Amino acid sequence: MVKLIHTLADHGDDVNCCAFSSSLLATCSLDKTIRLYSLSDFTELPHSPLKFHTYAVHCCCFSPSGHVLASCSTDGTTVLWNTQNGETLAVMEQPTGSPVRVCQFSPDSTCLVSGAADGTVVLWNAQSYKLYRCGSVKDGSLVACAFSPNGNFFVTGSSCGDITVWDDKMRCLHSEKAHDLGITCCDFSSQPVSDGEQGLQFFRLASCGQDCQIKIWVVSFTHILARNTDDQVKQFIEDWSEDDVSMWLCAQGLNDLVDIFKINNIDGRELFNLTKESLVDDLKIESLGLRSKVLRKIEELRTKVKALSSGIPDEFLCPITRELMKDPVIASDGYSYEKEAMENWISKKKRTSPMTNLILPSMVLTPNRTLKMAISRWLETHQK
């Protein structure tokens, strides 16, 4: 039996999303607002509607406890709200300023993922409201996201039809074309299944697309964990597929080389073995500048592998890129960042701190020579 029990008509434009907690219903709309209703009688709460966003609100979701609501918007922000009084807890700006299409809490409420129209995906610390790590997909807008029930992994889906699996350190574990005309949503089953022989656990994942198809996947998190521990980072990169290498090239600004690498079947193992000679003789890369940049980026990757496998101190990582800093600078918020990353942040007309989201008193960046020396000493010790 299906019976309509109530109709809500308070929004002034299309309603994009709705979400339930144990006691509330949240809705968000093109009219820039989020509304909260009591499930007992569907009356709107006194502090509703919630107003902050300056453009359409695309998605809203409750934390597992129901005490916090997240909303994301075309204005490039993800906002956290206190559901009990409607107060704004935090405003988290997408690093690129791109419209945010989807947001999702981890099962333990410690993290929040936001995905944007330019393909950037950010993992936020939902307690400190600080950016933890950031990544991106090579094509399309991010329109779907789901956490695994154990919270160690999450999946994103793009408007180009790609489905991507990420771990809790924002490393891309797997990516492939799932739907020809774009993904519309995805979700994990809450119950694991076993293979019955080796005792491995799998989770079922469903993805839906504009190709009129629903696809069911099984993901072995035990296998991914085994090959992705920090003391096996090098092995993990050597296991990169050709598509993984292509994504890495794009992330390094080497998009022009993607086709050349694919034609020559360069996977992770081949990538680590590339030399100046092989770039000229085998890949026929004529530009000296391109060859030099490729070799430099591969060496940076090797350095990162050694650093990760040695347990790199968190204070040596740039808060924006979450990578080992080479030229750290101190911003006016008192935090240290990689110089290039912070200059890019400021050049996007962002006058707020990446760590606090407060207005920066000054745009001056001061070299942090003490930190740079500490990183150099640490690298000398751990590269022997």
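In case you wondered, yes, glycine gets a Cβ from its N, Cα and C as well.
Sequence annotations record features per position, and here TrEMBL assigns repeat 'WD' to 50-91 (among others). Packing against the repeat 'WD' (50-91) from elsewhere in the chain are residues 13, 16-24, 26-36, 97-105, 107-109, 112, 114, 116, 124, 126, 129, 357: each is 6 or more residues past its ends and has a CB under 8 Å from a CB in it.
As annotated by TrEMBL, repeat 'WD' applies to 100-134 (among others). Same-chain residues lying 6 or more positions outside the repeat 'WD' (100-134) and placing a CB less than 8 Å from one of its CB atoms are 58-65, 68, 70-74, 76-78, 80, 89-90, 92, 94, 140-147, 149-151, 154, 156, 158, 166, 168-170, 319-322, 354-357.
The repeat 'WD' annotation in TrEMBL covers 146-167 (among others). Outside the repeat 'WD' (146-167) by six or more residues, the chain places 102, 104-108, 110-111, 113, 115, 119, 121, 123, 135, 137-140, 173-192, 203, 205, 207, 209, 211, 217, 219, 221, 224-225, 228 with a CB less than 8 A from a CB of the stretch.
The feature domain 'SAM' is assigned by TrEMBL to 240-304.
Note on the domain 'U-box' (311-384): DSSP counts are 26 helix, 12 strand, 36 coil. What TrEMBL records for 311-384 is domain 'U-box'.
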Number of helical, extended and coil residues in the repeat 'WD' (50-91), per DSSP: 0 helix, 24 strand, 18 coil
Segment-level pLDDT (mean, integer) for the repeat 'WD' (50-91): 94
